[in-house]
Amino acid sequence: MFSQPSLILDLLTSGWVVLVFIILFGLLPLLAFRQVSIPSLASRIVGAFARTTATIAIGGILWTKLGLFTWITAVLCYLTGLGIGWIASDRWQYRGKFQQLGQQIALSTIDIFDRGLSLPQLSRWLLSPWRAIERLIQSRLLIEAQHRVVPTSRVRISSRAVVPQERLRSSDPNTFERQDRKSDRVGHHSGSSLPSLFLTAIVMLSIGALSLWLRFEHPIVEFRFTYPDTYGRLLVVQQILARDLPQINYLPIFPSLAAFLTALSGVHPLQVVQILGAIIGTLLVLGIGYTMRCLTKNGAAALATSYSLGAYLFTWNLPISSRLPLGVRQCLGTLRDALDLGLIRSWAASESELSALFVILAIGCSTQIIGSSQRTATIVNTSCCTFLALALDPTLPILILFGWFGGIFGRQMALFTLSMGWLILGVLAAIPTSGFAMLTGILTTLPIGLSLLVGLLFIAIASAGRLLLANWSVPICLTVFLAITLNFCLPPSPQIDYLEYDAAARKAVEIGYLFPHHQWTVVAPIEQLSQVYGRGWYEDAAQFTARYRDRVTAASFVFPHQTTLLVFVEKRPFISDKPEYPVPYSVLIDPTYRNYRSPSGRTQLATAMLQLCETYRRYHPDLQAIYYENDRLRIYQFSPASMDNKKSQLTIR
């Protein structure tokens, strides 16, 4: 366990990444992509987020392909997208002003070369573009303020106008009695709405608390990844930042977003990838509530849907009966594993979850295309969401077609076809012999479809309850749903298949900050490759041991490396708690499995590495040091012989 200051530092770092994300993907785009034709603030936020993500994704992929991704090009791409959106939001009415501004700058430049320029004139010339931009922003704010002024009545009455007393008197003697009855009804309605507002606040607090705790607990407490595929995504992010072309067969949209956040936040990519996955999981909870609200106009159903996904009510603890046919047992086992894994992926989200987010946002945005005043902006937002969903996972946009087809017959039918299509395709992907293996992304995101189904069932039950409970049906159903799920359906602690000690990940990141870049080499298991890529050198521990195990017995032997060696040796070999299953021969002979996944292979490698390092340390005491040690891990630091046998000043005991 690490100290309390380390946990506080991780918490502050995570909060900083979340704040940068909110500013870059929420606040600034909301100001730039004004979308005055869309009255709903939630829809404007969704549109700004979708447009910004599309801009960063396209720019990130372009700079990655050209090998020019830096923080400068990232900022340039981001500001260009915001600038275009800012100008286009007012139908390009500022184009002439920008042309005039450019002409003034050009004429001033010519004047400088023609007559020369004194210091006061130079300062005025340098500040003139900023003053022009300031005037432009002030004029824009004035226009926005004029748009916000909505007259309350078409007839304006002067403050000096005198109203005759006859008009103040009621011509009907029962007028005051009717007004009193109306006031009583309004007061009774307001009083009855207080419990509903109180219940809504409780549900929203429950959604927020459970969602944030479930999705940010592990990324903040643990430095190591909880999902094995995340190491590959981190490696792609590191390659983008190092301006190396990743050898992948998909569009690196998620890595581009992570690299963009890394470049602008200054946080290590490992932490950014962790927090970005948790952010996407949280956005899914908000997005599914937004789409449910757009489809049903039912706030209680939206709360139930968001709560079911935020608290993750879909873990499967019941055993599968052995009396069932083999095919059925395999299908149910695959579904159970997918739902249990979905709990981990709720904070380790990746391309599939991000694609599912834009699938539900595309359906939510498309419900507003009918309004003529907001049609253009809504079509742009829907197109951005559809494009991103298709680029992230080509199979998930099939669900958009399901939703749009159902939308022909009504919004609730769109919800029915979307949720049932998600469920049916997910079950088909779980059948081993169905031939629908390409629908793995739908199976992975099946909890999202189940959450939509929960919202649909809530609407049906609440509608049936109106026959007995009248207007109290929705609050009572929501209360019962919340009480039952809090007591019986909350997920248990997940079975996480870690691949390394948390200290190994922390120290690998620490070495990258403390030592000069490319002046050190880490000798460690394969997990450390993605953590140190681009900052130093890496050598596989198994290959290093096989190469030098016999040679270190000679007293005159020194490592030929010209950099400082940092060798990670496990004093207690890391063995996963996951039970072992029979694996095919092709996996058994794989070097990664043989050296790092097999308990016996990892134990043999750790023993050989410990013997190698201790032998070299005994013959060369002036070239060695212990960088870090605890009861499970020891990191040896070996200086190159060319350093005149001087130890590094960065040694930490």
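Placed from the backbone N, Cα and C atoms, the Cβ positions cover glycine too.
The compositional bias 'Basic and acidic residues' feature in TrEMBL is assigned to 166-187. According to TrEMBL, the feature region 'Disordered' maps to 165-191. Look at TrEMBL and you will find 12-33, 45-63, 69-88, 194-214, 272-292, 354-372, 384-407, 413-431, 438-463, 469-490 tagged as transmembrane segment.
Taking pairs at least six residues apart, the transmembrane segment (469-490) and the transmembrane segment (194-214) share three or more Cβ pairs below 8 Å and count as touching.
Only sequence-distant pairs (6 or more apart) were considered; of these, at least three Cβ pairs between the transmembrane segment (384-407) and the transmembrane segment (45-63) are under 8 A, so the stretches are in contact. Spatially, the transmembrane segment (194-214) is not adjacent to the transmembrane segment (69-88); fewer than three Cβ-Cβ distances between them are under 8 Å for residues at least 6 apart in sequence.
For the transmembrane segment (69-88), the residues of the chain that approach it from at least six positions outside its boundaries are 24, 28-29, 32-34, 51-52, 55-56, 59-60, 62-63, 94-95, 98, 240-241, 243, 259-260, 263-264, judged by C-beta separation under 8 angstroms.
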